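Pulled from TrEMBL, these are the features on record:
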- GLY11, SER12, GLY13, LYS14, SER15, THR16, ARG116: ATP binding site (BINDING)
- SER15: Mg(2+) binding site (BINDING)
- ASP33, ARG57, GLY78, ARG134: substrate binding site (BINDING)
Amino acid sequence: MRTIFLIGFMGSGKSTVGRLLAERLGVRFIDTDEEIAEKEGKSINEIFAEDGEAYFRELETALLTGLPESNAVVGTGGGVPLKEINRVVMKEKGIAVFLDAPADVILSRLIYDQSRPLLKGDKDKEIRERLSIRMPIYLEIADIRISTSGKTPEEIIGELIACFKERGMGHTC
Ligand SMILES: Nc1ncnc2c1ncn2[C@@H]1O[C@H](COP(=O)(O)OP(=O)(O)OP(=O)(O)O)[C@@H](O)[C@H]1O
Ligand SMILES: O=C(O)C1=C[C@@H](O)[C@@H](O)[C@H](O)C1
Ligand SMILES: [Mg+2]
């Protein structure tokens, strides 16, 4: 099985769905944010505050470059597809599954969340502005796009697995 990269905005469910999907497929789960936080010994908030976003983005690229090309599900950070080198690495190593959710659903999931450094002000505005800039990039590299609104993580995984069975890995559903 080629590596599955889950991409999408903050709160789209990449970490939640990714962990369950890996369990279901019997493969390793790697969450880029968790790996980086563990290696640095600090939270993502602390890395952004103390070392800056540019440093965090370098760590993301370094991590992606070292990931396996098979038998893994990767929950990416929401900003990973923004860099061209990251998009190239993901395409080389596996397939990209875009977990889609509109701004109001994302806001409802993250309204009380304090762990995302890019959502510290007017969350509604920050989500809408960033999502509109990123949407074309997520769409451009998605092999598969799944709407997550109103679906449980289990339902999303069921849809994804059905899609893989119907079309085969690496094809657009
Ligand atoms: N399908 C879903 N339905 C309802 N709530 C969900 C769903 N998927 C995720 N959530 C909830 O939304 C929140 C954010 O989910 P998660 O951390 O998996 O997002 P993420 O895409 O990994 O975000 P980030 O890019 O910031 O890492 C969590 O509280 C999670 O329980
Ligand atoms: O969308 C983003 O740019 C981010 C998403 C999170 O997964 C973290 O990687 C970090 O909070 C930045
Ligand atoms: Mg995550």
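Cβ atoms here come from the backbone N, Cα and C positions, even for glycine.
Nobody curates TrEMBL annotations by hand; they come from automatic prediction.
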What are the sequence-distant neighbours of ARG116 (ATP binding site), meaning same chain, six or more residues apart, C-beta distance under 8 angstroms?
MET10, ILE44, ASN45, LEU110
ATP site shell beyond GLY11, SER12, GLY13, LYS14, SER15, THR16, ARG116, criterion: Cβ within 8 Å of Cβ centroid:
GLY8, PHE9, MET10, VAL17, GLY75, GLY78, LEU99, ARG109
Give the maximum pairwise CA distance in Å, whole number, for the residues GLY11, SER12, GLY13, LYS14, SER15, THR16, ARG116 listed as binding ATP.
15
Within 10 Å of GLY11 (ATP binding site) by C-alpha distance: pick out those among the binding-site residues ASP33, ARG57, GLY78, ARG134, and say none if nothing qualifies.
GLY78
For LYS14 (ATP binding site) and GLY78 (substrate binding site), determine the Cα separation and express it in whole Å.
9
Which ones in the same chain are close to ARG57 (substrate binding site), with CB under 8 Å and 6+ residues apart in sequence?
GLY79, LYS83
Out of the binding-site residues SER12, SER15, THR16, give me the one sitting nearest to ARG134 (substrate binding site) by CA distance.
SER12
Enter the number of other CB atoms within 10 angstroms of the CB of ARG134 (substrate binding site).
18
